[in-house]
Amino acid sequence: MQIRKNASKFTVFLFILLFLCGCWDQKEVEELAYVIAVGIDKAEDHENRVKISYLIANPEAGSTAEGGGSQEPPREIISFEADDFISSKNLANTVITKHVTYDLLRMIIVSEDFARDENFIRWIYDATKSMEIRRDIRLLVSKEDTATFLQNNKPVLETRPHEYFEKILDIGNEIGTTPPSELNTFFRITEADADLFLGIYGTTEKGEKKESDGDPDEITAGEFKYEGETNTTQFVGSAVFKEGKMIDTLTIEETRLSYLLNPTLKPGFFLGTFPDPFDDKYRIVTRIEANGPLKFDMKLNGGNKPSIHVKIPLLLEVMSNHSMTDYPKDAKKRKKLKESLKEDITRKFEDFVKKTQEEYKTEPFGWSLIARKQFGTIKAWENFDWMKTYPGMKIEVSVQLKLGKFGRQSDLPRLEEVRD
Amino acid sequence: MEQSKQLIGIKEYIAIVILMIGTKLSDDTPAILFEQIKNAGWMAPIINGIIAIIPIYLLMKVVGNYKDKSLAEVTDHLFGKFFGFIILFTLLVVAFCATIVDTAIYTDIIGTMYFTKTPTIIIYGILIVVCAYGARRGFEQIGSAAWTVFPYLQVSLLLALILSIREGNTAFLFPLFGPGPWEIAKESSLRLSIYADFFYLFLFFPLIKSKKDFIKGTWLGLVFIVLNIAIFMTCFVFLFDYKTIMQLSYPYHEVIRTISMGFLTNMETFFLPFWLIASFVRFSIYLYINALLIGHLFRIRHFEYLIPSLATLIVFLGLIPESPTFTIFNLKEKILLIATPLFFFLPVLMWVVAMFKGEFKHANKKKRK
Amino acid sequence: MLKKLLRRSYRNKKVNSEKSSEEEIKLNESNINSNLNKTVDSFKTIYSYPDNQDVVLRNIHISGSNKKAAILFINTITNAKSIEDYVISPLLQNQDSSKQIDEIITVQSLQTKNKISEIVTHINNGNAALFVEGENKAYLLGATNFEGRNVEKAENENVVKGSKEAFNEKSATNISLIRKRIKSESLVVESLIISKRSKNDLFIVYEKDLVNDKLLQNVKDRVNALDVDAIQNLSLLEQQIEERKYSIFPTILYTERPDRAASFIEDGYIVLLMDNSPDSLVLPATFWSFYHTSEDHYLRFPYGNFTRFLRILALFISLFTSSLYVAVVTFHAEMVPPDLLLAIAATREKVPFPAAIEVFIMEIAFELIREAGLRVPSPIGPTIGIVGALILGQAAVQANIVSPIVVIIVALGGLSSFAIGDISMNFTVRIGRLLLLFAASFMGLYGITALFTMAIFYMVSIKSFGVPYLSPLTPNYKSSKDTIFRRVLQKETFRPGYLKPKDMTKR
């Protein structure tokens, strides 16, 4: 009985104790300011400081629930200088009324200027320290200041910012205009010190369009011309990071190529155009998707020059036929088309690989992971030094093209007959 | 109806074994292995598992020789009162230190990964109160509770596994031999004591329904644990690559932070309860083992009453280290290194002594009679 | 403090119970006298005749043997008509002096007793006592007629498919309902008197070639050890014989369905019946017996398991929704998908209370509506439901006292709790839900998990009459594995092994 009495007293005591404390990690959802995107820029004068911009979502915007819902704008943007983007949470509270939280953080945006800086990597590694920042958020490079970028970005339909970013990045991923660019991958590639990392490249400023009559996909952020009542922001192509520092940008086409050359990514399908082998005036619209995994044949350890042979199986569907060539009936024409496409595509791959070898000195395709299989120990692999060896490698790309459907209606009327 | 005789069946026993040792995959044990063996860290549990067969087998021979005698009684019997006391006392010290260190680690995991602002003592307190409550209920109850929750814990683990394999990349496993085969063998066998808990399982020998159940359960448990830990460590490599994984203190928790399922992008709090339950059960067993050993050493019959005070002691000792993530990590590694020879050579020693004393023949004769 | 008070009041009660005059005891112990007048006088004092309104004492003259006689009975519990027809008139009309009394009387059952205490018991049970001049024994004439209901439909344990009968307050009827289902000579109905003053009867029903003798002895011992004045019915008896009186988990099953009781008996359980209780107690009970209903087995295999699935889902929903909501919203906001999180944040913007308090308010309101709905006179019952559920919820949301999501959460949890049919388990779930809510508001998921683990440890340590609470799940016993889900009937061939029945197989 005595024990039970003591036990019950103890329980009561415990309960009171719990009542008195037990609120440390408690935070009410409505008392938080949800940062959707953090922008990091170089501070203007200080070497050791950065300029932080916050894009904060307003939960009440667009809510139709009873009790919620108001006419407030959907977002709030604030930029200021701070030591880093962890302590900046507190600084922001001089203006923002609620606790800043990174719970819903979807992106870290870095200005190109800052990304090309030597010190960039120091700041970005702060993200691994803070518990709230998840490793699967995206990294975005903006051509201009991040503060300008965020302010100019005014989505018309998806006004709620988290929705906007989620949607536009997903679609970019799917059609291959932007790379996946997860922060997790950024850290991994930087640490492994072998490959290039591709970050999303975006801008809100319209640049000058390069005058090239060729491929409309050969553009990067700011070069896409469009009109109408819509947002000025575009996410086009990728930013290339080498050893945690940005070195270049890639166009949409190059981004797509690197998707196709990357064994770890599962690309969706891309629409692209190629010159028509039967009439130079026109271009054929095609839908390309990977047709099975890439096949590698690497000879790295032999005495000779290391070589890599990549086989890329592709499935290609022809979606347009402006030259009105008679493909269904004529096997020869189909063969010619295939040959010409294959040549085009192979040339593109080869050019791009050559570019990586010569300009970047390493590749963004994650090939080093495949190469690792050739080595028994980490030591051997590190001695091999992928980054040093890659530019000198002999790399062959061969495309295995399979022609798919020719659109919904495969046959077209003879042009001559129509005009007759 | 016969009131509880404190005997447990094979299912409960396996659940206890797996929760007690298999849970290690979710704390910093993988980190300790990865630190030296890098991306080949997943081989260590397998290599150790194979090595661990020797001491476990010998111990089984020795302890299985006597009916209804636990490891403690057998030790006393083989080495005499004095040496028996010293050996068991060493075992107790190791177990006690391991309990303190491990509870401190788990508290640190909860504190750094989930409840960053809550004072350590509260987290620690709740952890220990629950475990002490569980241990106080008795061995049979721990077994039952373990078996009740076991399937769900395995399902949650499996889910984590599937999700992380889907997001991982098998190429990270290469170069296959990491720092080199010799290095792997050396470094992993030095950390054999990740399976030292098996040694303590022999304390429960008379509490299992039959000898056959015990033997079968122990072997099945070993296989299961080796597979569990090895597969999960492979998975960690899949997801993070060796450079990153060497920097992670608690890989399992990073994994569950990283994976996502459909519209649920943040899954870690979904896995947290399952992991917590496993930890609660695990430390209940640890507490019980400690109490059991103390009870045997100092001739305390109702050793269950010791558990609350033991638990309090653990909390206060566990709170001492500063910045636990590092201190305790090092401490644990040291304990592992110290415990390894103990775990390996003690069973051998016991077997040899039993051999010389002619205990096996003795038993055979008895059987024949 | 409270406990002390309670204990004190217990003690006081005990003192009162000792108060029964020695004279009375002496009288009760003695045999009856052959002198009719003396006998009648002593019974008059025992029954405080004529103050006692319904005690009838009729003096008659048996014309055949020319003897004086007296009949004593309590007319509210005795069938006066049958006494009139089968006892009084034959006695009066008899002219044959050679006939014995028992030859004259044509009533169904007839016993003779000579100890006063025994006679009194019989009279209290509705029998009539006939005293004859010059005989030192009493004839006890069976004419019991307690008032009560007929067999009606089950009120609490409704089924769509299956028998609709329910126990009523007459134990004889109840036993008959069970016997109707188990037509076997091995079905034993033992009767025991379990209280000192009111002399309540308890019937222990079991199959003698199934039930484990130790278990039976255990039950009998526990019942015999009772030392109380009165136990009105089984609900009170349940509290007298259960092991853990403070536990929130029930350990004795209480069912009003004879078919359920019968099927338990057939598995080797023991069923207790009592007068005045429209139900039966089944013991020992495991967690599963509270979770199951009889309909699970009446429905076909897939349907039965579907309802089982719904029920386990409902169990978890009602236990965890509100606490999970509080935990997630106040401690683990990052877990919620962004759209939902922002929606929650938006609706909570104008609510003045913290989420935990908000949920508490709604939970208490829900429990109040429920309790009030139970107590209000039935004609206005539905009104309360409508007022409570619709208007209160709607108005609370409009007034920004609670957010709409909380109304959904609480209503879902509350509604789900109705899926657990057993009233005791229902309370367990409701109290458990509040406890979990407390834990959640202090430590989030950590608190919930800690409490849940403790509850598991507690549950596995409960024993009902020596049977572990979660068996056959753990500890494992040979059984039909009828736990969360049931199996096809043809495969359910074993009786539950934890009962250690004399015959394990069902075929």
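Every residue, even glycine, has its Cβ placed from backbone N, Cα and C.
The annotation transmembrane segment is assigned in TrEMBL to B:7-26 (among others).
Positions annotated as transmembrane segment by TrEMBL: B:46-66 (among others).
When Cβ-Cβ distances below 8 Å are used as the criterion, the transmembrane segment (B:78-101) is approached by residues 62, 72, 196, 199-200, 283, 286-287, 289-290, 293-294, 296-297, 314, 317-318, 328, 331-332, 335, 338-339, 342, 346, 350, 353-354, 357, 359 of the same chain, each at least six residues removed from its ends. Taken from TrEMBL, the feature transmembrane segment covers B:78-101 (among others).
Same-chain neighbours of the transmembrane segment (B:113-133): 103-104, 106-107, 250, 253, 257, 268-269, 272, 279-280, 283-284, 286-287, 307-308, 310-312, 314-315, 318-319, 324, counting only residues six or more beyond its ends whose CB sits under 8 Å from a CB of the stretch. Positions annotated as transmembrane segment by TrEMBL: B:113-133 (among others).
Here TrEMBL flags B:145-165 (among others) as transmembrane segment.
The transmembrane segment feature in TrEMBL is assigned to B:190-208 (among others).
Here the transmembrane segment (B:220-240) has long-range neighbours at 13-14, 17-18, 21-22, 24-25, 29-30, 33-34, 39, 41-46, 48-49, 52-53, 56, 157, 161, 164-165, 167-170, 172-173, 195, 198, 248, 251-252, 254-255, 258-259, meaning same-chain residues at least 6 beyond its ends whose C-beta is under 8 angstroms from one of its own. Under the heading transmembrane segment, TrEMBL lists B:220-240 (among others).
Taken from TrEMBL, the feature transmembrane segment covers B:270-293 (among others).
With a cut-off of 8 Å between Cβ atoms, the residues of this chain six or more beyond the transmembrane segment (B:305-323) that come close are 96, 99-101, 103-104, 107, 120-121, 124-125, 128-129, 131-132, 135-136, 287-288, 290-291, 294-295, 331. Annotation comment: TrEMBL describes B:305-323 (among others) as transmembrane segment.
Taken from TrEMBL, the feature transmembrane segment applies to B:335-356 (among others). Proximity of distant same-chain residues to the transmembrane segment (B:335-356), defined by a Cβ-Cβ separation under 8 Å and at least 6 residues beyond the stretch ends, is recorded for 32, 51, 54-56, 58-59, 61-62, 65, 74-75, 78-79, 87, 90-91, 94, 97-98, 101, 189-196, 199.
Long-range contacts of the transmembrane segment (B:190-208) within the same chain: residues 6-10, 13, 16-17, 20-21, 24, 29, 32-33, 44-45, 48-49, 51-52, 55-56, 59-60, 63-64, 68-72, 74, 91, 94-95, 98, 139-140, 214, 217-218, 222, 225, 289, 292-293, 335-340, 342-344, 346-347, each at least 6 residues beyond the stretch ends and with a Cβ under 8 Å from a Cβ of the stretch. In summary, the transmembrane segment (B:270-293) does not lie against the transmembrane segment (B:46-66): fewer than three C-beta pairs, each 6 or more positions apart in sequence, are under 8 Å. Residues of the same chain lying 6 or more positions beyond the ends of the transmembrane segment (B:145-165) and with a Cβ under 8 Å from any Cβ of it are 11-12, 15-16, 18-19, 134, 137, 228, 231-232, 235, 238-239, 255-256, 258-261, 267, 271, 274-275, 277-278, 281, 284-285.
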